[in-house]
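Let me begin by presenting the structure, written as structure tokens, before commenting on it.
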Amino acid sequence: MINIRAASTLRLFVPVRGRPAPEVKWGKAEGEIKETAQIDNTGSYASLVIENVDRFDSGKYTLTAENVSGVKSVFISVRVLDSPSPPTNFLIKEITKNSVTLTWEPPLLDGGSKIKHYIVEKRESTRKVYSTITTCNKMSCKVEPLPEGGIFFFRVLAENEYGVGLPAKTTEPIKISEKPQPPGKVSVVDVTRSTVTLSWEKPEHDGGSRISHYEVELAPKESDTWSVCASVKGLETVVSNLLKGEEYQFRVVAVNDKGKSDPRQLAQSVVAKDLVVEPSVRPKVSSYSVQVGYDLKIEVPIAGHPKPTITWTKDGAALKQTTRVNVTESAHHTILTIKDATREDGGMYSINVSSDLGSKDATIEVITLDKPGPPIGPVKFEDISAESITLNWETPSYTGGCPVSNYVVEKRDTTTTNWVVVSATVARTTLKVANLKTGAEYQFRVYAENRYGKSYAIDSEPVVAQYPFQEPDYMITFCLEASVNGKPIPTAQWFKGDVEVENSARAEIKNTDFKALLVVKDAIRVDGGQYSLVLTNVAGTKTIPFSVKVLDRPGPSEGPLTVSNVTEEKCSLSWLPPRHDGGATISHYVIQKRETSRLAWTVVSSDCGATMFKVTKLLKGNEYIFRVMAVNKYGVGEPLESAPVIMRNPFVPPGSPQELEITNITRDSMTVCWNRPETTGGSDIVGYIIEKRDRAGVRWTKCNKRRVTDLRFRVTGLTEDHEYEFRVSAENAAGMGQPTGSTLKFEIPLTGRPLPKVILSKDNVLLKSTMRFNSEVTPDSIKITLRESVAGDSGRYDITASNSSGTTKTFVNIVVLDRPSAPLGPVELFDITEDSVSLKWLPPTYDGGSPITNYIIQKRETTTANWMDISSAVARCTMKIMKLTTGLEYQFRIRAENRYGISEHIDSPTVTVNLPYSK
């Protein structure tokens, strides 16, 4: 006996003698010698070499030498010490609704070592990998508990001191099921002279396998002879061809692929005869209430034979049935089911039952309970002053099925986007809002509230907190007068500077022979200056000077009004003093601003002492115009306006840090290293933000509490044997840039001998190792690493493994979690009126691996580049835009949002808001 370990080389050498030289042949008592065996026979020896032996090379080898003198044979027994061959006669002995009993016999080849035990494994039919159930020393095993109705493959493997052998496995999937329980209650639906209509309930348990059909059996009363009269898949059937006046028994049997259930018998026997009952309908109550979003089921008892026709109507019109609202009928009831009730489901429902014997009606009211509709606008303003405004509105047209408990009023300064609650307990439809800032522009928002929640809001038009009247105006007239002497009487002329003054509506010359008079009415700033009276006769010329100073508000500041150092939320203004100071020293300047989409000006500063000012707290992306007015003791001068300017940074956030690397790993800390981003965004990088998350989690948490300026950071407080992911973002004056892409690593089990060659592809393109993508094949798995994953990495990855024994294929789907792609256009515009338009679009083609939570809608007038928010809580792919200005041209912008961020936008075509028949 020769003992040899598996994977070694077997060498058999036998000397041979004989004359004449014998013919030598090798053989094997049971089976054939491997084709790869190397046989070398000569006149003096015979050799047999088998490389990489396995359990199947065990056995009795024969060498036969033959010549004319006779035949000689020798036998050599070889035992290959290896793991066992598969167990034999592997059978499924018994199946119940939650267990399987397996049996088998020992392997034909024990591998030269005693079998230690057997390993029993299972896998679901939808999976690729087996999992171990148990190890046992017997040659049978009851596998329990198993999920009822589950489909599994099973296998068993023998193990000796040299390892685990080859498996014996089930060739077909095994379903965990048994015969069903009896059907539920059997009932009589209808009886005629020749038919009986029966119905029954499903079995409480189908045995883990789908019920294929039901068999209905009948027998004459007081007889035990049953016969099948119907075989149906549903829960109701009509048994026909009965004899009038005869009395019958009925029973029902459920059938699945494991067999028939015990029968369920009708409680009483039935006589075949016609029944006559007048129709009736009797609702249990006259009204039902249902909260919006919940289900409502109304069962109304009915009677009548023959079975009456049932008709439902709602608010006088035929009830339209859908997948959400539908009517069903049973033997003695008509049933209205409303799923996910909406506000429109409320109303009066009528039921009519009719037959040849008569007709009856009943009415039921359905009340839908929900948060109320918005208050009815517009919001009206009364008693406007510099510090308070009184608001008025109307109650909602829909109260939600219960009284409105209160109203919530909010306000915002139109220079910000922040809404502030004024009062959340307003009991009436009016409120005086006090403590307002004089000259500030406000917008108000009103909600209605009941026990089920708060309504959508209605927004008021912007309003300025100021008194509705103006300061009194006044006009000044001045006169220049001089006595005139001379012979002959001189001619008098009035001049302002070098220009002669002529009679006009405001300048009146009243000269006489002995007096010169100039009257200037409604004097204004430019009427000031040097005047002169020129008297002329033959004797000569005389000039009398006058200096006039008109005391008035200043003129406009000298321009231009320059806007510089513009960022997302601030800018600097500069200008020159007025050319005309109004006859008094300029005390200060008033600075105002307005968004180009609005008409009202708001005060930025009312006491600026210099000819420059830094404006802050502006809104990102908004377009503004600024103006400056000089002030002296006589009042506020004329304004100087700037050109429109959009608030945005001259720089952008930086790019992503490069080449993220983890070093110095200990049991509770790691050092994260990286390189600077390729782009700084036009502004110096001020620091880095380092974040971590559990490999199996979604939420990122910040690692550094203080600003990090180095290109490395040691993360401490980690949990031993835990897997983490890290990412780093750079920050500059424009904000935080995109983080380094996350790394995806996963491992796929791999078996096969010799080691298979693995090919990976995506979209029918072979994948090669790069800086971002890498695959590694080991004896038991395929390890795939995808660094800095992006949205384009999502998709199906096909994996092909092949060796000399064959080829197998599988695939994995990878979803990269990211913000969604832009909504799909084009944007459709419809239902255009004089103040509204409806939009419709399609969802993004890529949702970022997370459901779209909402859409963000903006609008702009085409005369400006400034976009204004309309709503950031649009749930569907359609919206009606209200409160537009007739005759203006608009464009709309749509973005999608999921839990990972906001998408790029799509823009609608431009549209002019007009009635369809307007010119």
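Cβ atoms are placed via backbone N, Cα and C, with glycine included.
Lifted from TrEMBL, the feature list:
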- 86-179: domain 'Fibronectin type-III' (DOMAIN)
- 182-275: domain 'Fibronectin type-III' (DOMAIN)
- 279-365: domain 'Ig-like' (DOMAIN)
- 375-468: domain 'Fibronectin type-III' (DOMAIN)
- 557-650: domain 'Fibronectin type-III' (DOMAIN)
- 653-751: domain 'Fibronectin type-III' (DOMAIN)
- 823-916: domain 'Fibronectin type-III' (DOMAIN)
Remark   = For the domain 'Fibronectin type-III' (653-751), the DSSP residue counts stand at 0 helix, 46 strand, 53 coil
Key: Mean of the pLDDT scores, which run from 0 to 100, over the domain 'Fibronectin type-III' (375-468)   = 90
Key: Stretch among 86-179, 279-365, 557-650, 653-751 sharing the most Cβ pairs under 8 Å with the domain 'Fibronectin type-III' (375-468)   = 557-650
Ask   = According to DSSP, how is the domain 'Ig-like' (279-365) divided among helix, strand and coil residues?
value = 3 helix, 54 strand, 30 coil
Note = Counted with DSSP (H/G/I as helix, E/B as strand, rest coil), the domain 'Fibronectin type-III' (557-650) has 0 helix, 54 strand, 40 coil
Task = Taking helix as H, G and I and strand as E and B in DSSP, count the residues of the domain 'Fibronectin type-III' (823-916) in helix, strand and coil.
result = 0 helix, 51 strand, 43 coil
